[in-house]
Every structure is written in C-alpha cells, then in structure tokens.
Amino acid sequence: TKNNNNYIYRPNHVSWLRLSVNSSLELICSHFLSADTFPDSHREEGGRGHGGSRDLSRLRSPSLEIKEKEIREKGSEILREQLDAAKRELKLKDKECERLSQVRNQLEQELEELTASLFEEAHKMVRDANVKQAAAEKRLKEAQGKIDVLQAEVTALKALVLTSTPASPNRQLHPQLQSPCTRGAHKHMGHSRNKSTSSVLPQTNGKTDAQPVSVQSVIKEDKEMDSVLFAEFLMWKEHASLDRASAFLSRIYREDIRPCLSFTRTELSQMVQSAVENNSLTIEPVALSAVPAVKASALECGGLKKCALSGLPRMCRHRIKLGDKGNYYYICPSSRARITAVCNFFTYIRYIQQGLVRHNAEQMFWEVLRLRKEMTVAKLGFYVTDQG
C-alpha cells in the first residue's frame, strides 16, 4: 500500500480510488467491496471457467479479506493522523487569532487613550493660551497707563531741568535756595513789590538831615572750576553709570554720600543707603491732628518721637519706607534733609545717565557741585523748614 496524500494504490487488480480527507470509513469500505474491485479480465475468466453462475462473494479468499481489513485499518489510521494534524493546526490558528485579537484590542485601547490625551492636552493648551492672553492684555493696559504717566513726568522734568540752570536756578522750583525771610517776605508782600523801591531812594523834600538810606549790600558768589574734579566728571559722563568703581562716583561716595547718610543706627543707615541707590525709598509726611495735652497721644500723632536714624526724641513730621513691603520709620527734619539731599543727587545723576539733561558738560558739572554742596550742608546739620 502506498499513501500519496488522498490517493491509495492497491496492486493485484485493484483500481485507483480517490479518497477525500473528510470522507468516512464506510465510503472506503464500500469502494473496496464494490463489484469494481476485480478487473474485467478476471470476471471473464471466472465466467468462462464456471459458466458465470457463481456469485462473486464465493471468489473471495481469506487472504483478500485480510488485505481489505489491513487497508481499512491503515486508511482509518491515516484519517486519524490527518484529523489530529488538522486539530493541531486549528489550535495553532486559534492561538494566533487570540493573540492577534489581544494585540488589536491593546492597540485600540492605546489609540483611545492617546486620542483622549491629545484632546485634553489641546484643551489645556487653549485654556493656558487664553489665560496668558488675558494676563498679557492686562499687563499691556497697565504698561500703557504707566507709560502715559512716565511720559507726563518726563515732560515735566524736562521743563524743570531746562528752565533751571546752575548759573540762574529757578528759585521757585528750588525753594531751598531761598532764605526763610525771603520766602516770608514773598508770601506777605503780594503785589507791593514795586513799591519797595521807593523806600530805598533818598527823600528830596529839601531837608538836609534826611534819614539814611537802607541799601542792602549785594554779595556775589564767585566760583572756580577744579580741573581734577571736572576731568573725573568728563570721564564718567562718557560712559555714565551708577557703578562706584569710577573715580567720579568713588570720590562722591567717600566725601559726601557716606558721611551724609552716616547715622547712629548703623544697620538702618546702610539699609537707607541701599534703598536710595535702588530708587526704592519713600518719604511721606505724617498726618498731624489736634494733639491733646497727653504725652501718649502726642507720640501717636506725629509729635515728639524717637528718630529711627539718630535715636533722639525729636518732632518727627515725616516717615520713610524701604521698598514696597517694608516698615515705616519716623525721622526728624535733620535726617530728612540729609536723605533728601542724597536723593536729589542720585536723581540728577540718573537724568544724565538717561539722556534727559540737555545742558553742556560744564553746566552739568556745576549742578553736580551744587548738589554736593547741599549734601555737605545737610551733613553739618543745616536744613530749611517750612514755616507755613
């Protein structure tokens, strides 16, 4: 017997039979037991020898039945092997399908999660962009308002700087240049200034014993430029900055700023100097109310207090604050005058650095010297108070 896929070949007058894989064992047996099992030549010989009257079943020998049985067993064994192979292949296919199904489900889940995360990220980006846009618009409005205020201040400061020169300072814009009596006279004279000249002229009423003329002596202040200081100023002006390393500012720090801001409370003095340099110091007047005749109430109403810088009990009409979130410190008029003198110097230096001063170098130099003179005078304890 030879097995070639679906064909079974049997010699000794057995024809070819085509068997399907899915055929049953009865089909195989029916083929082997059919009348076509024996060839025609064998039938003719049997017919001629016996007259054709014998039945075909009588011609079957025991050996042929054994062979048929063997063929049936081998056929069933082949079918079982093919069935087992088909089952194994189906199991492998099922496992592969299950694995591919799991991969597909995993990919679908990852795709859904990725899509959800992308949408969430997109919404978050849009929300953040809207918040940033609103904040930027708010900052833009605030910046535009600040720019308008700064432009108005710059315009006013330019007018102030241009109308006041070291040679002829505007005394209305610089009240510290006026003496107290002069200011009091200007306040009380009103429009009678033109009449004051008549009292200065001598009386010509014919009398020889006229009263002496009260002519005030005119005092002219002369000045001479120091070449060393002017050279240091010119070198600093080429690259104007607030760096102390320059010879110009180093000298002023050593001779004017540090002595002017040197108070009894050393630590607070250093903090005040840093705030002045950073332009973050605030000076504001203390609101004075009707002070009763009680010492405790007087201390709370801007009256007699200990100056935070000198430590002495004085009439503190002003207070300072270092930065935006600092505490308030009450200061006496002398301390205020010293701090104000240093602040005026730094303000003018910043104007020069920012290019707001349109004077020539010599005029700027004399204005710097005038501000240094104010620091020196305030350092020595001289200051101007408002009698009003």
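Cβ coordinates come from backbone N, Cα and C, glycine included.
Copied over from TrEMBL:
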COMPBIAS  39-58  compositional bias 'Basic and acidic residues'
REGION    39-60  region 'Disordered'
DOMAIN    66-153  domain 'GDP/GTP exchange factor Sec2 N-terminal'
COILED    76-160  coiled coil
COMPBIAS  167-181  compositional bias 'Polar residues'
REGION    167-212  region 'Disordered'
COMPBIAS  184-194  compositional bias 'Basic residues'
COMPBIAS  195-212  compositional bias 'Polar residues'
Averaged over the domain 'GDP/GTP exchange factor Sec2 N-terminal' (66-153), what pLDDT does the prediction give? 91
Summed over the domain 'GDP/GTP exchange factor Sec2 N-terminal' (66-153), the DSSP helix, strand and coil counts are 88 helix, 0 strand, 0 coil
